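For reference, the structure is listed below as structure tokens.
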């Protein structure tokens, strides 16, 4: 058998640093350990975060809007810190060691969180009907534990999905086809973990103890680490390619220095190394994309500006006489086409990235206002007296995902493939757009439920009741719709940012996609703050008061629906402009 059939061609290596053997490493034989790790880690994360807004309100004594904002801000931070892990993984550590190091930080944070909810002196003091009272030091300890977890989960979050995708050779068409399927099953493993967390663990927190409710996730995270290390011998590893930020800076500086230089019409004259591997360690070369072309009168001036702006960076790869004064090339004066295309590929991702923020703002309602809405409803499971924790309704989001992932992977994709001829059935951008469309109806559904709830309150004068006689299961459609939207938008986003990222920036671009969740949480928090400030003028109770029976929460949900419609329109326009990257050749 020839070497071409023995080793991967995308530059991956095994745990000893040797070229990865295709039969002995990677593909589905390595994925169970990664999927098991993700299942346990997500069970731990959602087991701690699903009911966090309730802990803030009932144990730390915070107002509804404050509890919602603190939950959103912390959750947002969990999706900003991936930039740290991604930078270290792509630049220096590689994905394997980044996951190992930040998992340790993660377990430390979860252990400390368990102590703040179970050890006398660290946990709030509760006195029956008088409620719970937390000292400033107790609040500080709890917040410190939370943000340690945010650092840990953020460090591994962008690496795990990319690491799983690394197990499939980009240069092998059969393996590449399986990679698209991997992202579906990866997201399924997330939601199976979330299913257990939002049902069993939330019940434990509210009916047994918060200490045990946080302790089980801490133990589960320890199991996640064991699962990950168990597959070490089977993994394929991408070599870190050095700091992408430095490479980006080099292209910008070189282009600015040559701003008066004309870009040749023949792009073959632009600088590129002759080797099969690009100048970026472990990265394939990228083909030059022609960003400037004749545009029709119907195309907007914005598009003309966009394409011309990207063409400017080609100047960094134009060779002039002074570039060869010394034997070696100064990367701050002359960059390769691959370096230029790496920057351009990242810039092209940004408009698509921006449209994900609004979707994440909608998604974030499940952990904040949906929970507060559910607390005002009848949570009894008829005919028993058992009360369903409001946060446990997110189980229907998870069930929706678990239902839709196999349907999409096994039914929708094969059927769509027959009509479109596309290997994935539909493009990643089309998939994301469908999810954005569905999310609009999730917010409309939530608004209708709140409107019906308020009509019951007003008709029967239930203003002072903690929970009105309206079943919490009215919330099921809004959770189910968000779950369906996730399968299209979030999974499509995962695959899109991995596929369209240059080889040496895949963790960074995966982190970039995750920051939409952070910014979505921050956007939702900002909207809550603005709406509360505006709607409480002149002594009014506002849209989101502590007692929602006096509020207008449906207005807020409908505001999100309107913003989602605008966002979908922007996405459709941007998607039409997008140009997919083109990699050249193999590394072996």
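Note that Cβ sites are derived from N, Cα and C of the backbone, with glycine treated the same way.
Here is what TrEMBL records for this protein:
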type	residues	note
REGION	1-24	region 'Disordered'
TRANSMEM	96-115	transmembrane segment
TRANSMEM	185-204	transmembrane segment
TRANSMEM	210-229	transmembrane segment
TRANSMEM	349-371	transmembrane segment
TRANSMEM	391-413	transmembrane segment
TRANSMEM	434-456	transmembrane segment
TRANSMEM	476-498	transmembrane segment
TRANSMEM	510-535	transmembrane segment
TRANSMEM	555-574	transmembrane segment
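Tallying C-beta pairs under 8 angstroms between the transmembrane segment (96-115) and each of 210-229, 391-413, 434-456, 510-535, 555-574 places 210-229 first. In this chain, the transmembrane segment (476-498) lies in contact with the transmembrane segment (434-456); the count of Cβ pairs under 8 Å, excluding pairs fewer than 6 apart in sequence, is at least 3. Helix first, then strand, then coil: DSSP counts for the region 'Disordered' (1-24) stand at 4 helix, 4 strand, 16 coil. Packing against the transmembrane segment (555-574) from elsewhere in the chain are residues 351-352, 355, 358-359, 361-362, 365, 369, 432-433, 436-437, 439-440, 443-444, 446-447, 450, 527-528, 531, 543-544: each is 6 or more residues past its ends and has a CB under 8 Å from a CB in it. Each of 185-204, 349-371, 391-413, 476-498 was scored by its Cβ pairs under 8 Å to the transmembrane segment (510-535), and the highest score goes to 349-371. The transmembrane segment (391-413) shares more Cβ pairs under 8 Å with 476-498 than with any other stretch in the list 185-204, 349-371, 476-498.
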